[in-house]
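Going by TrEMBL, these are the annotated features:
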REPEAT    A:14-59  repeat 'WD'
REPEAT    A:60-101  repeat 'WD'
REPEAT    A:158-199  repeat 'WD'
REPEAT    A:200-243  repeat 'WD'
REPEAT    A:244-285  repeat 'WD'
REPEAT    A:286-321  repeat 'WD'
């Protein structure tokens, strides 16, 4: 077993936003600039930060109600941000020019992710119990992947709201999409055939974050749930491989390091934890935040950087080795 | 054959009387003695002979006859013999008095003895033997000092008087002046070297008392040389041998005792010692025989007491507590003061303790303590008794004293620790730890229970690391090491995947296949359970799961393991699994109140009201209504029912509330400190409007609940906040809600955020209200009610801003933005209603959409107006600035002009002077001076221009005035709009009222929807408050508030229902593990008891 990973705090920015910071992702580097950290907040702004000093590059305004999710195109050129009013704004990272505004009422917008090739943006559609797929060339809605309604005498109000889709994740090869629901079920879709494959069971509380392990382990799916656990599934084999506990409250966010060796989680218990999948155990706990940690994100590419954002309005950057 | 010869009077003849053939009837001899007027010494000899033969009656008859008045008269001159007879009688009665046990007879004997001696003294008051006799009498009476005086008189006359010396020695012995006594005995021996062995016995006793054991032994041996059958000496030597406390000594001692017994089987002391010996060798039959004999042969109190004690002990050890108690009591009866012989008190104390008669046990042990104030065993016994009597503090006091006296008594520390567990965990922990280190130092294995208790106490004090350490130590090596992650990982990893199926025991089978025996000794089950609980607390759910499974694998009837697994499943919202597990527990014991209560709770969560009530009922019945939790659950059920049915049937509500109150009160009567019952009572009181009382209750409960890891009562914080809210103290309510959120929920509870938002709403803090609702939406995205509420908040914000007399353009702009958001939200909700995502009425939402849109139109007009006004303001400011500039310019120009004027004046003056000069000089140059005057004219022209400019500005002013008029006009124009607005609001109120009544049915299942409606209703009412709109007047503000209250409470108990149960589980668990501890305690106590009996 390789030497386990270790986190060290690099930089924290207090009051990075005027309100709770709810979303964060890395915008990959382009030829002209390094990778940037993109954050979204209840204060209705989206901000861009340059590592490692976390120097504020720009503040994007224009959203109403809080910003709940952000996503970056693999090219690093464009990014998307979404707010509680269910609007997605697609913009040019460097110029902040609006490229498109997306909405598919009455579907809400929660987590979003660009597919690895950058041709499709997947959006968790909340109460519509579906994932909306947008073409990144035309910015047209190309597909709606719906979770099949459970068989029953009548689809009652309750059961449908349970399939409320919160989170979404692409497999590294772009062939599979997984989404997490309020009732804890995870649904796996075959993207090419736009077909629902199966559910992954084990959680019974909201799954707010999902991430696939990178190649070659790409069948492995990590899920973060309000039940305080991180589950590891074989997304193809429909099996629960393992469960990791330790957080004392909801697990809000999960991300896997680019080499697939370590998993980071952010939780309502104010901590960021680093886990070793092989040990099925937490290696390290960071307690620098003073409120819920809504997002954790490993920087793609390398250099070992992890960012976390929190309700305490701050953002933090860690070095991981 | 010894004979006496009685001389026949007036003859040489004598009557030969063989002393061993004295006639049975003493009168025969007396007749001879009297007839022959025999010398008195013969009387005495014969009497003594009778005495020796044990014919006491005859002895007395002769002596009494020999001391009769006739004899006195006849033998008046025979003084010595008469005295001797009297003294003999005196000595006889002294002896009788001495051995007599009955007080009255005793005294009678002494009186007689005294009379005889006094009579002897009257004959010759200097006769030493009389004094000696008197001294003996006094000794027998216990009047040691007077005896001393009597002997002294004799010794002053004759310092070698052996009887007096012996008497005095006895006096000194009794005065505990053993060396003086020894001296006297020695002198007696010197004076009379051939004296009987008894004298040497005295020496031996003195030496013994002086601690000169070897010399004492020599003395006793000498006695035995002189008189090999001297029982006292034998017994004394035997005792000394026994006390040597060596196996050989004891053997020799017992030989001597036996010999003494053989010589004289009625020596009570020897019998007692023999009995004592056989007690220890366990030959209880002999003990009883010997002691019974001893009791028969002695009247000596202390000896008898000892005998009874032996007997009692024998029965005690055989477990015949009744007889033991009886004989202990008999033993105590023979003692005047506990100081004489304290053991029977101890024994009796133990017997009484055993039979549960704590009061008398207490008094007996207290007697022991009087004698031995530092006796640890007694102190501990007293400690235990006080525990049983419920006087914990006193118990602790005694235990602490025992520990102080013997700080190395690990058992005492354990006892103290157990005493303190319930009252002072810190001190208990310290005691246990001390016990542990004492045992470790002593090389003793620390019992599992002790380590378990230490672990649990650390656990309770939230010192989880230490708890883990101690519990692991208690468990030692075993299969659990592989399962808790300190050993090979593969099993754990395997296990973590199988946690979903509680029946899956494959893991353990695999372990066994791999040659790892899955063993769980019975005495470690509790520890494993506690360890699992600890891992649970540490959120190592996987490990906890495996450990509970391990318990169930070996002990499938361990109900608590099922319940904990059920609790874990419940915490993860896996209700189905949780119910299955509880049912497993009920299969083991279908009356288990904990399992039933939990099942009821789960059923309530599943919205299965009727079932839940039945289950709670049966939980209550299973414990004969003694289980507080079951009663509390029923109370809560009634409370929920009351709230649920509120709008339908006020009567039913009152009944349910009353029932709830009754149930809470019942619990409080049983357990005055039950926080949950107090909380419930507070809620009912608040429901009835007694906010002050309920506030007091909640405050107290809140205080009491803080400080224990096992008592988590967020509900009481929420309730307090509700009370503050209902009383209009919004700032405090906000603070309380926020603290509760942070302290108990990691800020994750959207329900409390909703309360918070509502409070902000009432306090008209719209932005806070909106932000709070947005946070809530973020936490609970599928709760559309929150979106609706956010829409309402924004709508309300807009309305209130537009109604303000003064507002800035910024305010109006943000109003427009908020209205746009509100329209979006309502529109989305409206669209979503087609999908049945929420329970709102589409029409109602559309009303909101329309209203907001309408408002938006108005707001946009307002915005334009405001922006126009803003622009005008800007222009006005610009104009003002221009004016100021112009003013400045004019002022400057004026100054300049004045300056110039001045200068000109000066110039003029100069020029005039010059002119005057020049006038004289060059009168013809006058033309020259007219040039400056033309310059001045130019300047005045400039001034004119200035004036023109100012006119222009005045024009600007006019225009502004016009604008003002226009805006006023606009405002007039707007007036109807506003009226319209209000009318519409009124309509909406009516609408909403209507809707409320129609949608109630649907809303019954959806508390949240109801809540939203209330909020909305509140919003409508709030609007109607502004003006005279009477549409909504019937529901007065008070009514609204009440409704608001009940609404917020409506959610609260649901919340409480869910939240208080895990708490309870915890506490039940604690009780459980406490129970285990107690079990251990009782085991320990049992052990301790045996020790004491030994």
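Note: Cβ is positioned from N, Cα and C throughout, glycine not excepted.
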Averaged across the repeat 'WD' (A:158-199), what pLDDT does the model get? Just tell me the whole number, please.
89
Give the residue counts of the repeat 'WD' (A:14-59) per reduced DSSP state, in the order helix, strand, coil.
0 helix, 23 strand, 23 coil
Which residue counts does DSSP yield for the repeat 'WD' (A:60-101) in the helix, strand and coil classes, in that order?
0 helix, 22 strand, 20 coil
Helix, strand and coil counts within the repeat 'WD' (A:200-243) (DSSP):
0 helix, 24 strand, 20 coil
What are the helix, strand and coil residue counts for the repeat 'WD' (A:158-199) according to DSSP?
5 helix, 22 strand, 15 coil
Using DSSP, what is the helix/strand/coil residue split across the repeat 'WD' (A:244-285)?
0 helix, 24 strand, 18 coil
